[in-house]
Amino acid sequence: MGCWRGPSTMLACLLLLHPLPSPACPAACRCSSGEVDCIEHALRKVPQSLPTNTSTLWLGYNFISVLGPRSFPPLSGLLLLSLPHNRLKLIHSQALVGLGALQELDLSNNYLTVLNPETFLPLTSLTTLNLGSNRLGELDPGVLHALPQLQALLLQDNPWVCSCGILPLWHWLSHNREKVQEKSLLLCRVPEQVNKYPVMAFRNESFRQCQETLLSAKHYIAFLIIGPFSFMASIFFCTFMGSIIVVYHNLCKEPHFWRRPGICRH
């Protein structure tokens, strides 16, 4: 046989005859052709021994409450991550690092109240984001601006606070209506007078009072800078002018210091 002509060819033949070990699969999961199914296994954190070729990861119906920094091993080929029906309350700003290929993310039916825009910066390929059935009263539009490929957004069944604070999100929703799924289920919870009123039904006139009275962060920063500066400048100016007046009067009382004493005559 040709495989025994030399040491190098013999080694090559042995490698071909002995298959490489398959990537590890967590004991609580089922793995098949890039799909890892860890649904309903009472998991409290993301398994770390995931196959490197994982493209779909199902983690729904577990007890995961926090996604800490780098919660996932390097999964450069992960396309779908499903985390519904857990107990998620917090997602660290570095939790999703290494998931740049991710296209679909399901975080529905959890306890999320706030999201950090920085968390979603690594997800440059994400097209679908499901945040439905959480405890979001507001959502920083920076979260959505961090997703340049976003095509489908689900926000239904959250207790939206429809006060002036929701104005930035409303602006984004109004300019991206085609991306918002289940629009009819995006309802206000408070104030009571707009309970169950569709967020997407608001118009510019609805926020007129907010636009007239609310100041941007830049305005507040300007006030904080200009106010003390103006105060210090006024003190310096008054002190400077007072010193000049005092010196002037002292010189007028002692004209012999001047060669031309008539300078103080009136």
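Going from the start of the chain as shown, residues are counted 1 onward.
Cβ atoms are placed via backbone N, Cα and C, with glycine included.
Any TrEMBL annotation is an automated prediction that lacks curation.
Here TrEMBL flags 1-24 as signal peptide.
Distant neighbours of the domain 'LRRNT' (24-56): 62-65, 67, 71-75, 77-80, 82; these residues of the same chain sit at least 6 beyond its ends, with a Cβ under 8 Å from one of its Cβ atoms. Among the features that TrEMBL reports, domain 'LRRNT' is placed at 24-56.
Taken from TrEMBL, the feature domain 'LRRCT' covers 158-211. Mapped onto DSSP classes, the domain 'LRRCT' (158-211) shows 32 helix, 9 strand, 13 coil.
Positions annotated as transmembrane segment by TrEMBL: 220-251.
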Taking helix as H, G and I and strand as E and B in DSSP, count the residues of the domain 'LRRNT' (24-56) in helix, strand and coil.
0 helix, 7 strand, 26 coil
